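Reviewing the structure listed below.
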């Protein structure tokens, strides 16, 4: 049983402090006005400490070269790794790998070849994702770096190319959710159980497109490996980052790391660790920092949790699923989520609890158990400790250090009708093989136990001991007033106006056209059948815009209108035409309750403006609640965006009509204005070369 309690807090401070996310962004923002403090909602230009790309490095390089760039801005900022398709030995893939390596060598970029490990793990081991820095990657699991106390967040390929060329890109600081851990985990319960439970309990998009900061006394008891797993799967939870604090546990991890990397490592050495210790003492969230919401979970009430099938939003205790006698065909211990040394050791303790290889618990008949280390370094250490040999003795099948089945590549994929259980991060239908297979996610110990039992079950069953008991998972949600916390009012005297660039309008005004639906996807905005037709004219793009959502959109919406829609607008694929087709229609601003992060990035990158105003969406829905249903509705309401004062006004009847809503919004700084003026990120990059 899950106990959910909900209460609300309203913040009315005229000025406020910064949370840890905002403080880190402040450090890595460029072009800020003197004295400017950044907050959630603000658009900022960022110069991240590092940017990682993996097998997609060659597409990024092609974008980079197509921009007209000749040399990278700062080779020390860039990291190239090969990890996704390393089992593919085709000429085409090997040529791509050679191209990436050649490009990296030419430009002096740090390069890690196939077999060295998964890019995110390399970023951790080699100190690129260092505590209190901002590190990005053109991969959705960049959130992983939050386990090291670094702010990690994903970017799209165009952003990566821009960073290569100019050293910077842009970011809109998301609302920040605070997640507090209380209590202490039972033995054998892991970080994977925590995040699987969180995804299943708080499964109503509570943290969608939020940055997360983990807090609470319980964190000191969580090993770094647990933190990395939790941060990694904040992606599946819907968040844009998952940041843990810097504490003694993390500092000691780095001190122990010195014994492996040696005293002369460029990023992990006595000097960097001492500087981190000093900085961490003072670099903390302010006491009056604002959070969009707060979630609390009592770890002492947690047992082993399993998500699925085919969804991270569905989770059950392993005891409940064990009673259902769910037979499995395949098990997996791979990926950037759970293939570190402690994960392999956890599985080895299930298959070989005594350490005697002659007394191992064999993988059940009819089950294939695939495993790989997150890096070659981990594989070597696992072999030195006998962990690797124990898994082999149990009948597990080794794979090279890479992504493999997690991304649906290489050996061991799920076949039609099969059931798999995996220590990876995604169990979407078809992700790990056939769309007609069922996939569950669990901790390494539960995966290993299930492989031995031949069905989903717990380590305690294999060991013949009493299982971890829980009287019910305790969790609560404390939600701030969204309007106040994400857009705190400021007095006229305390708020400096946004500096405006010549050529950018101080006011953006238009009539609101309502497409009243949540989760309007990219195929609804721009039909997939046109996506890979490179000769579609701008006029045709305008005609087909939103046709899969509503065939009447084209006749109802006019150039100069402002489109307003529901929550999670632009979900789905990464096609840039979802943004450019709206521009072709003459719509330069989209307002929604919330946006898909990828759509938001593609919008700014192509000079389409967006604003999140959930209050407006609710007001419109209330206004037309009893009106005849229309997929596209001309509302008769107008929106004016006062850009210098970062405010919006919604009026009725005309731009000068009765004010129905006045609200503060995020500031659009001059760096972002310049991107829009240049026609998008690519145009801006070209202007900088």
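Backbone N, Cα and C atoms are what each Cβ position is placed from, and that goes for glycine too.
Of the listed candidates (336, 352, 396), Swiss-Prot assigns 336 to the same [4Fe-4S] cluster site as 403, 406. Sequence-distant neighbours of residue 406 ([4Fe-4S] cluster binding site) (same chain, six or more apart, CB under 8 Å from its CB) are 332, 334, 335, 336, 337, 422, 424, 425, 426, 432, listed in sequence order. Summarising the environment of residue 403 ([4Fe-4S] cluster binding site), the number of other Cβ atoms within 10 Å of its Cβ, over all protein chains shown, is 29. The [4Fe-4S] cluster site is defined by 336, 403, 406, and by the 8 Å test on Cβ atoms against their centroid, the other residues of the chain that qualify are 83, 84, 118, 141, 334, 335, 337, 339, 402, 404, 407, 424, 425.
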